[in-house]
């Protein structure tokens with residue numbers, strides 16, 4: 001079965017084609033990727049310091065058809081070769097989701113194909129199955145992105161249990177807001193991680209929120225406030241030397257990243273112990289953070305569990321993960337469509353409510 005996937009939940013337009021045959025034959029899942037196209041809107045939103053929903057929707061309209069053509073050209077396929085269409089149904093920006101839904105449903109109806117709405121987070125959770133070493137069910141998923149920070153137990157396709165989540169800012173959101181405090185460019189997550197590599201460890205004693213809370217929830221708003229307080233103290237010193245200012249920013253970025261990484265790693269290890277799982281999956285945009293990956297690898301080597309990552313290019317939003325998740329859903333549901341004829345979207349959508357019965 002060849003599935004077309006369309007992702008338009010926020011500021012990336014992604015289109016991909018996935019063939020389920022390798023998965024069904026027990027071969028590495030990544031062998032099923034036939035073609036993909038991806039366009040990021042980062043440059044367009046940079047002047048605004050964040051995503052402008054109206055601009056995002058308009059850009060999705062411009063990009064989705066050329067990306068479909070690009071994916072078909074890569075794969076050597078025609079529209080008539082497609083067996084089903086998957087699209088991001090939610091959560092996300094309403095206007096952006098509507099573009100993908102309308103395009104996908106119109107195409108599916110025109111070609112007389114089934115369509116399936118995919119939960120955006122399910123796409124992220126399953127994307128590590130496309131890596132070189134796929135995890136075994138059940139596994140713990142640490143999902144960290146600009147909008148979500150969650151620990152999930154994944155027992156199979158469509159079998160998800162929330163173990164803990166952020167009570168305020170998501171980790172990716174904290175990265176972006178802190179980067180803005182330090183005067184870094186948008187998007188802030190990658191910028192602050194790069195700056196942290198130049199910083200010295202332990203210069204600032206920043207809090208590690210909820211590290212010893214006893215549960216698996218997170219909170220990062222207080223950490224952002226602590227960074228703000230440090231910047232105010234530094235400003236009051238009236239230091240004007242460029243080298244000193246640059247080192248201050250690097251040291252503060254290092255302490256900030258170290259604090260977030262410490263909390264994420266500790267909670268992940270606790271989730272593994274509580275559930276007895278031996279496999280941990282890191283997914284979402286922050287999953288590309290090299291400091292977090294290094295810390296998880298070190299902890300795994302000392303404590304006897306395995307960590308699995310999606311390919312770096314699949315950490316951010318993309319069409320491959322939607323095509324893949326949609327394909328696995330359709331196999332689990334015996335190729336049934338799960339959407340009506342309407343252009344239905346779910347800007348707010350709890351993943352567990354979409355579990356298979």
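Here the Cβ of each residue, glycine as well, is placed from N, Cα and C on the backbone.
Site annotation (Swiss-Prot): Fe cation is bound by 120, 124, and the candidate from 317, 344, 350 recorded at this site is 317.
Nearest neighbour of residue 143 (substrate binding site) by Cα distance, taken over the binding-site residues 120, 124, 317: 124.
Other residues of the same chain near the Fe cation site, with their Cβ within 8 Å of the Cβ centroid of 120, 124, 317, are 7, 9, 88, 121, 123, 145, 284, 318, 321, 322. Residue 317 (Fe cation binding site) sits 15 Å from residue 289 (substrate binding site), taking the CA atoms of both as reference points. With all protein chains in the displayed structure included, the most crowded Cβ environment within 10 Å among the binding-site residues 143, 144 is that of 144.
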